[in-house]
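A short worksheet on the structure shown next.
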């Protein structure tokens, strides 16, 4: 096997094992650690730490340690969260969430740097177009990586389904599920349905082992980058652009199109935060039990992956406006339905319809918003995507931050309001673009945003 391709596969499967653990654990935080909102508070802290990490750490660590060891050490930060859950408390989960958040940005930056340099190096040797090889490497990576959302949630559901004490959920408890959930009672009813300690420890043991396997895979099988010239150039670029990138992130806000896209970018964090933090707890766990959370999130991940591929392909024919309209209508319909629906175990299929539709919408938000940033800010991509990470992460922080303070119906109204505002400001951006280039219909340009980026999966 060609050595560069081997390294791509090592990184891909390393991320697969790591995010099999992290993805499954994130989906369970709001249900597994519901006391005093500990689970969602830890997620909010995690994304706040990610914001700081994105601004400062990646160029420093990559310069000092190189890509291989930055990836390995950052992966250890993810394992810390699994270990913190063995004895979940404010003194263990909050610090480990900070550690994970700080490791998140260097991990993804080092991965991107490694694949880019490896692709460029191979292209030079083979006499091929570097961009084509790099795209192929990223395609292989995301093909393997995207399935992590399925495996992590499948593991949790299979383990929790082994519980010998099946709790019968009373009609009184069911009345506290859904949009008008009982903030004071939900914790108690959810807590009574938590799996046994032994099952929780079994799950955490599997997740921890999966993370350790990822680290060992990187340390043992991943080669150091051999293109020293490319590495040196990359280091110079990273060093020289550190402060300029930091300042450019905020200077980019002088572009009114960037300011107009802030609501749309934050909505991406809001809607993902709602599904993983509120839908899993107030609907799935409350009415069905925690063992169903994994299956529900598998449905979301599977539809999301398929639709990301589909919409990436068809966007050149439909244009981004049509796809944004489809996502908006789908999300609004889901929000209204969630406000009206009273979840009940007898309506099992409905619990999977919502995450499937949410996955369809999220696929559009991710691919098309990424593509929109790439098209609008082609000359300032670095600053533009730094803003993307910043505002989406802020959306996550806010969504998880108020998760335990407000009833679900209020969160749904907030979600609806942000969505409407997002589409209004996005419409203004399209109008500005149409006026600036009347002879070039931007909708027909290539708009595929490619695979999901780091802020989506963390």
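Glycine is no exception: its Cβ is also placed from the backbone N, Cα and C atoms.
Taken from TrEMBL, the feature region 'Disordered' applies to 437-458.
The annotation transmembrane segment is assigned in TrEMBL to 39-57 (among others). Same-chain residues lying 6+ beyond the ends of the transmembrane segment (39-57) with a Cβ under 8 Å from its Cβ atoms: 26, 28-33, 81, 93-94, 96-106, 246, 249, 269, 273, 276-277, 386, 389-390, 393-394, 396-397, 400-401, 403-404, 455, 458.
Per TrEMBL, the feature transmembrane segment maps to 69-88 (among others).
Taken from TrEMBL, the feature transmembrane segment applies to 137-160 (among others).
Sequence annotations record features per position, and here TrEMBL assigns transmembrane segment to 199-222 (among others).
Per TrEMBL, the feature transmembrane segment maps to 292-311 (among others). A Cβ distance under 8 Å defines the sequence-distant neighbours of the transmembrane segment (292-311), meaning residues of its chain 6+ beyond its ends; these are 23-24, 27-28, 31, 146-147, 149-150, 152-158, 160, 275-276, 279-280, 284-285, 323, 351-352, 355-356, 358-360, 362-364, 366-368, 451-452.
TrEMBL lists 323-341 (among others) with the feature transmembrane segment.
Cβ atoms under 8 Å from those of the transmembrane segment (347-365) belong to residues 267-268, 271-272, 275, 279, 283-284, 287-288, 292, 295-297, 299-308, 310-311, 323-324, 326-327, 330-331, 333-334, 337-338, 341 of the same chain, restricted to positions at least 6 beyond its ends. As annotated by TrEMBL, transmembrane segment applies to 347-365 (among others).
TrEMBL lists 410-429 (among others) with the feature transmembrane segment. Counting only same-chain residues 6+ beyond the ends of the transmembrane segment (410-429), those with a CB under 8 A from a CB of the stretch are 179, 257, 260-264, 266-267, 270-271, 274, 278, 324, 328, 331-332, 335, 338-339, 376, 399, 402-403.
Of the recorded ranges 137-160, 199-222, 323-341, the transmembrane segment (69-88) has the largest number of C-beta contacts under 8 angstroms with 199-222. Using a Cβ-Cβ cut-off under 8 Å and counting only residues 6 or more beyond its ends in the same chain, the transmembrane segment (323-341) has close neighbours at 178-179, 271, 279, 283, 311, 315, 350, 354, 357-358, 360-361, 364-365, 368, 408-409, 412, 415-416, 419, 423, 426. Counting same-chain residues at least six beyond the ends of the transmembrane segment (137-160), those with a Cβ under 8 angstroms from any Cβ of the stretch are 4-5, 8-9, 11-13, 15-16, 18-25, 27-28, 111, 115, 118-119, 195, 199, 202-203, 206-207, 289-298, 300-302, 304-305, 308, 450-452, 457.
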